[in-house]
Amino acid sequence: MRPMRNMWRIFAHTFRVRAGAKSFIVSTAIMLIVVLVALSLPRIIDFFGSGEADINSLAVVNQSESLQLPEEAAGIELHTYAREEQAEKAWNSGETDGYLLFENNGSEYLGSLYTDEEAGETVQALSAGIQQTHVSQYAEELGISGEEVQNITAPVQIAESTEEAEGSGGSSTEEGFNLLSYAVVFVIYIYSLMCGIMIAMQIAKDKEQRVMEILISSASPVQHLFGRAFGVSAIWLFQMALVAVTAVIYVNVTGLDNITSLISATGGAAVSTWIYAVVFLLLGIVLYGTLYAMVGSMAAKTEEVQNFSQPLTFLLVGAFILSNFGLAAPGNIFVTASSFIPFFTPFTMFVRTNALDVPWWQIGISIGLTLALVAAAAWFSVRLYRGSVLVYSGDSFSRRVKQARELARKK
């Protein structure tokens, strides 16, 4: 009971110190500002204006012999003039917001729009409105009913659906799934990397400042290792939860319809998808946090952490890149195989579960293998930490590991 109490004391102290640190407060504030600004970006753009011209009326010169124009299209009044000079004069005098010129090009209907600013989407809406009126009037002259015209001009729509091999998948809204998958694997990557480095730095900092010589008199190295690791992990999870809750409250309070639509674009993800997201996020943080803790226990000073942790960082970057490849080809054999390798499981297995109908036993095996590696890494880290806790030599990483194992074996 006492060992657990000592570990939780170290955990609470680490969490309290980290939460009150100026760096944590500043980084959290910056992250909140970035997220809120990103969510509000469409409204900010609308507030300052999109730069498109506000067109309510146009002067029109129709030199085409067959094109029939309406009096209004896309909410814009169309005033017909015989010559271009008259239309331009009406625009310059402020009677209209611009003028539209249709030249006689045979069977083609090519119009030129002249305004003070770019019209943007107004051009497409205006073109569609004029075309609809022209088709309706021309069809009426030919004796074609409105229903027949609608059947002729009805667009042909194709909905994309991906069929995987037997027993491995079904159809999905690919764009929405890719959006959700990328967001989750990016969060796993960032938090696994930052949390792992902070754990290694904290452990190395304790050794560098000779704090361990004081701590081991009241708590064992094992209690200190896990207390520090859990404390740093908890502060990062707290920061992530704070940002997520703030974003959700902000979206609901301000009624950002565009963000709601974006969330809907994820294909209406099932509850199991979000459960997998949390599970694989925690797996990634625990796995790499344990590995980085092992690296930190080997470092005699914080400057050595970066060099010692480079292989782990490259491994994390590789897992993230592989998961991005998996977004385009979730059924690829390399992506499938990597989802059973614990170092890549939190990334590629989530991508597969979100895009394909992965059998439950495959998910269970991958999670089991990852937990087994976490247990093995934790056991090995504890043994190394016991042997290296008071070692401050400047040897290479491999020599320090060998020395720590020998010292741990003697204890």
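Glycine residues also receive a Cβ, built from the backbone N, Cα and C atoms like all the rest.
The transmembrane segment annotation in TrEMBL covers 21-41 (among others). Long-range neighbours of the transmembrane segment (21-41) within the same chain, counting only residues 6 or more positions beyond its ends whose Cβ lies under 8 Å from a Cβ of the stretch, are 235, 239, 242-243, 246-247, 250-251, 254, 256, 259.
Sequence annotations record features per position, and here TrEMBL assigns domain 'ABC-2 type transporter transmembrane' to 22-382.
Annotation comment: TrEMBL describes 179-204 (among others) as transmembrane segment.
Note on the transmembrane segment (225-253): residues 6-15, 18-19, 24, 27-28, 31-32, 35-36, 39, 187, 191, 194-195, 198-199, 202-203, 206, 219, 259-260, 285-286, 289-290, 293, 297, 381-382, 385 of its chain, located 6 or more positions outside it, place their CB under 8 angstroms from a CB of the stretch. The annotation transmembrane segment is assigned in TrEMBL to 225-253 (among others).
Look at TrEMBL and you will find 273-293 (among others) tagged as transmembrane segment. Through the fold, the transmembrane segment (273-293) approaches residues 180, 184, 187-189, 191-193, 195-197, 199-200, 203, 225, 228-229, 232-233, 236-237, 309, 312, 316, 342-343, 345-347, 349-350, 353-354, 363, 367, 370-371, 373-374, 377-378, 381, 385 of its own chain, all at least 6 residues removed from its boundaries and within a Cβ separation under 8 Å.
According to TrEMBL, the feature transmembrane segment maps to 314-340 (among others).
The transmembrane segment annotation in TrEMBL covers 360-380 (among others). Sequence-distant contacts of the transmembrane segment (360-380) (same chain, at least 6 residues past either end, Cβ-Cβ under 8 Å): 276, 279, 283, 286-287, 290-291, 294, 339-343, 345-346, 349, 353.
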